[in-house]
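Notes for the one structure printed next.
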Amino acid sequence: MEGPTGPNPCRLQGSNEPAIDRLTIDGRPELSCQSDSNCQCEGEVKIKSKRFGRGAVESGLTHECGVFGAIGTGEWPTQVDVGQVICLGLVALQHRGQESAGIVTSEGKSARTFNSHKGMGLINNIFNDEAMKKLKGNLGIGHTRYSTSAASEEVNCQPFVVHTAHGALAVAHNGELVNCSSLRKMVLGRGVGLSTHSDSELITQALCLNPPEGETNGPDWPARINHLMRLAPLSYSLVIMLKDKIYAVRDPYGNRPLCLGKILPLGSSYVYKQSSAQHAAVLMNGCAKNGLEDKAEGWVVSSESCGFLSIGARYVREVLPGEIVEMSRHGIRTVDVVERPEGKQQAFCIFEYVYFARADSLFEGQMVYSARLQCGRMLARESPVDADIVSSVPESGTAAAHGYARQSGIPFMEVLCKNRYVGRTFIQPSTRLRQLGVAKKFGALSENVRGKRIVLIDDSIVRGNTIGPIIKLLRDAGAAEVHIRIASPPLKYPCYMGINIPTREELIANKMDTFKLAEHVGADSLEYLSVEGLVSAIHYNMKATPSDGVGGHCTACLTGDYPGGLPEDVDW
C-alpha cells in the first residue's frame, strides 16, 4: 500500500528546524535522512522512502494486508487440501487487501523447494484451477495485500520466499515496521541485498541473519524470530514457513491481529440439541467449545477468525502479544514470548473494531459486530437528536446505526441502496469524478426518505469527500433534515503501523470543527463519538478488564499517543 509522503525528517536549506535523531540498532543516535536533494545530512546513503509516491488514496482508509496459514496434522500426506483451505481463508480476508495475493505451500519433504503462485487482483481471479493444481502440500501460508498505483507491482506480492543455506523460508506480513530505516541499514550493512522497499522482504532477510547468541546445531529459528522482535517491536503479525513448520508471530504490543483455529473432522459441526443454557456454554461468546476436544485434522492461523467456519475450522484463541507459536504436524505450542518494555501497555489497533475487521470476526472475546453496536449505543447517549428514522451508510455504519436506533428508540430504516458492482471511491483520480463515483455507488430509497428527518450513521470521516454527495443524494430524494453521526472520534494523526491514514493536513478534522464541517458537507448537524466513548464501548463486552498492561488499545490516530512514543525512525 502506498500513501502520502510525510514531512522531511532532516534540516532543509533555509530552515531552522533541527534534524531528528534516529536510533540505530545498537542504540547509538545518528543523524540520517531518506529525503530529497535539499537535505543537509551527510554520510548517509539516500534510499528512496518506501512510502514515496503514496498518495493515490483519495478517500477512506486502507489496510496493509491479511495473512493466513494452514498445516495438516498426523500422517502426511494430509487429507486436508491445504491449498484450497488457504485460498478460502484469503477470500474471507479479501476486505483487508484487494490489490494482490499469493500462496506458498510445502510438501514437507524438501527444504529447497516450495510451490508458489502469486498475482495481481482479486483472489478468485488469481487462483484458478490450473494455479491450484500446483499448490500441493501439507502446509502453506498465504497473503492478500492492499496498495495503490505506486506499489501495485507483482514484485511486491507476498509471501516472500528466500533460499538460505538451511533451506527455503517464506514470510507473509501484516503491519509496518516503525524503525524500518535503521533495520534496513543494518541488513544492508551485513551484505544482504534488498530488491524492494517492502517491510516484508526486510523481515525475511533479517530472519536469515544469525542471532547474537550464535547457533551450534543448525538454525535456531525461534531465537532468530526473538532477535527480530527485539530489533523491531512494532508493528506486525507474521506467518513464517519452513520445510515442515509454520511460526505464527505477533508483535509485543499486539498491535495487529492474529488468531488460531483448529480444523476438525467433518462430523464435528455444531449440534443444537441441548438446552439453551448448555447451548450458551457451547458458544462461549462466539468461540465454539463443541468439537474442540476432538482430534485435529489441522491447524490454521489468520489475521481474522471470520473465515474459519467456511473451512471447517473452529476459533481457538488469539496469538498473544509477543508470542511465537510453532505449528507442526504434531500440533501447536508456544515456543517463546517476547515481553514489552516495562510499563508499556498492550496496544491493539482500535480501528480494527471501527473500520477494518469483518463484522463476524472475534477479537478479545467479543464479536466485532457487538462492539460496533455498542459504539452506536454510546453515540446515541452522547449526541442525541430529534428525528424520524435512523439509517446508515452501508455497510460500514450499519451495526452502529442499529445500536443508535435501539438506544434512542428511533426506528431504523434503510435509506441508501448500494450498487455492489462499483469499485471503491478512492481509486477515482479527481474530486469531481470521485463525487460522481459516490453517486454511482449509492441510490436513495425515496419512499423511505421523503419528508423524513434522518440520522445517518457512518463509521468514520477521513477527508470528508464522500459524505457530502451522499447528503445531497438524500436531500434530492426529499429528506427534510439530515443529521450525521460518526461512530468513531475524529481522525487527526497519521498512522505509522500499517494503516494508510493521510497526512495531518489532509485530514478534515484538523481543518474544521463539527459546526463548520456540517455546513461544508450540507448536514443539519454533525457529531463524532468521543475517544472516551469509543474506548468504553470496546471494553463493554470484553471478557477481561484492561489492567496490568493487558487489553489496551492503540488510539494514536485519534489522540497522537503512539505506543512506545512517536517513532524516531519514521521515514515519511
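A Cβ is built for glycine as well, from the same backbone N, Cα and C atoms used for every other residue.
The active site, nucleophile annotation in TrEMBL covers Cys65. Just so you know, the Cβ of Cys65 (active site, nucleophile) picks up 27 other Cβ atoms within 10 Å once every protein chain is counted.
Cβ neighbours within 10 Å of Cys557 ([4Fe-4S] cluster binding site), excluding its own Cβ and spanning all shown chains: 27. Annotation source TrEMBL lists [4Fe-4S] cluster binding site at Cys349, Cys495, Cys554, Cys557.
Proximity of Asp459 (Mg(2+) binding site) to non-local residues of its own chain (separation of 6 or more, Cβ distance below 8 Å) is seen for Val354, Tyr355, Arg372, Val393, Ser396, Gly397, Ala400, Ile486, Ala487, Ser488, given in sequence order. Among the features that TrEMBL reports, Mg(2+) binding site is placed at Ser396, Asp458, Asp459.
The average pLDDT computed for the domain 'Glutamine amidotransferase type-2' (65-330) is 86. Residues annotated as domain 'Glutamine amidotransferase type-2' in TrEMBL: 65-330.
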Please report the Cα separation of Cys349 ([4Fe-4S] cluster binding site) and Cys65 (active site, nucleophile) in Å, rounded to an integer. 14
Cys495 ([4Fe-4S] cluster binding site) CB neighbourhood, other CB atoms within 10 A: 20
Cα of Asp458 (Mg(2+) binding site) to Cα of Cys65 (active site, nucleophile): how many Å, rounded? 23
Within 10 angstroms of the C-beta of Ser396 (Mg(2+) binding site), the count of other C-beta atoms across all shown chains comes to 19
Other than Cys349, Cys495, Cys554, Cys557, which residues of the chain come within 8 Å of the [4Fe-4S] cluster site, judged by Cβ distance to the Cβ centroid of those residues? Asn255, Ile350, Phe351, Met497, Ile499, Ile501, Thr555, Ala556
